[in-house]
Amino acid sequence: MADAEAAKPKSGGARQCSVCNQKRAALKRPKTLQQICRDCFYSAFEEEVHNVIVGNQLFKRGERIAIGASGGKDSTVLAYVLSELNRRHNYGLDLFLLSVDEGITGYRDDSLETVQRNKIQYGLPLKVVSYKELYGWTMDEIVKMIGLKNNCTFCGVFRRQALDRGAAMLQVDKLATGHNADDVAETVLLNILRGDIARLSRCTSIVTGEDGPIPRCIYSPNAYRGFAREFIKDLERIRPRAILDIIKSGENFRISASTKMPEQGTCERCGYISSQKWCKACVLLEGLNQGLPKLGIGRTRGLNNDHKMDATQTSGSKPCGTLDF
Amino acid sequence: MKLTIEFGGGLELLCNSVKVHNVKVDPQDGEEKLTMKGLLSWVCKNLIKERPEMFMKGDTVRPGVLVLVNDCDWELSGQLETPLEEKDVVVFISTLHGG
């Protein structure tokens, strides 16, 4: 960014940092409305992340932790802050970078380069898993077959599993993902709009939660999610704390004990966690391989129903986790 | 006056994928001195090649686009009223396109 002119204060507008009272404020924190300088923001941010890690006992000494790294800003910040805090507070963690190559021409090239830089900068080992090696299909090939409609379903489902499978290959205990406050608030709203009680109740929990990193890619210029994102950014402009307040609301939802939740089991085919007989990725993959790519898309639970395989398992549980955008 | 204008976070895609623009801009629309307001209308006319709605909403940037003037959030310098000076660096970063 602009380093040459960085130090030059704006005449008239040079306000001091409300924390150190020494340096020029560089931003207004939406959370506190404090005007704060760059260094004080960094230390406040790092301190807050440390408190969340300690307060929620996220890690144990000696654990192996994979950091889901897309090369974007959020995961780059996550890689920096975890490696910095691990060193500073001596967590005793073994950290790894884990990236997914979806196989979208021109999309990941830049960001995988960024991940390579992260690897060198923070001295963390890097593992890249590709859709091609995991599923036998690149996203480019999937799009060629199914077109631009519904491809986000494939990408989102496959990515989440790809991270988990990569984590298994690295033999890590936990996977850390860089979801920011906007992401979580957006997901809370979406789950309310979709009436997805099961996801609403777990989407704000700090550990686990099966919604993967937000798929946003060249194949999806204006996905449903985009509207929720724009809405919360509009809200933020009116009331900067709105985003954190939505997350707070999501955390405070109490789901009545009589609501039937889908039971979590494992996929009979690949062993991955699934509330159905077959996990979503296996259903989608089966469709692709049979040349019936619409299987598993939309509200009919295609393959599972057709083969009468899930009759016992799903009876009585609410259909949840529809992935149609 | 000479300014450096940078686009990031995906916004560069709206200007032929060029991130850094060294430009010369004069006060706009009868302004005596160039402000961010004038600069935004100049940027829309001269740098944004497609989908201007991804950059602007109404008379200001779309919510979710960070604006930094000399590395300082423009919320602290008066947003649209921020006066610009020779060699200022203005950065636009979208936070709407993935992390």
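Yeah, the Cβs are placed from backbone N, Cα and C, and that goes for glycine too.
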Co-listed ATP-binding residue [TrEMBL; alongside A:GLY68, A:ALA69, A:SER70, A:ASP74, A:GLY178, A:ASP183] among A:VAL19, A:VAL100, A:VAL129, A:VAL143: A:VAL100
Residues A:GLY68, A:ALA69, A:SER70, A:ASP74, A:VAL100, A:GLY178, A:ASP183 binding ATP per the record - widest CA separation, whole Å: 19
Candidate with the highest Cβ count within 10 Å, taken from the binding-site residues A:GLY68, A:GLY178: A:GLY68
For the domain 'tRNA(Ile)-lysidine/2-thiocytidine synthase N-terminal' (A:65-201), residues assigned helix / strand / coil by DSSP: 82 helix, 20 strand, 35 coil
Cβ packing number for A:ALA69 (ATP binding site), 10 Å threshold: 30
Among A:GLY68, A:ALA69, A:VAL100 (the binding-site residues), residues with Cβ under 8 Å to chain B, listed in sequence order: none
Distant-in-sequence Cβ neighbours of A:VAL100 (ATP binding site), under 8 Å, six or more positions away: A:GLY68, A:SER70, A:VAL128, A:VAL129, A:SER130, A:TYR131, A:ARG159, A:ALA162, A:LEU163, A:GLY166
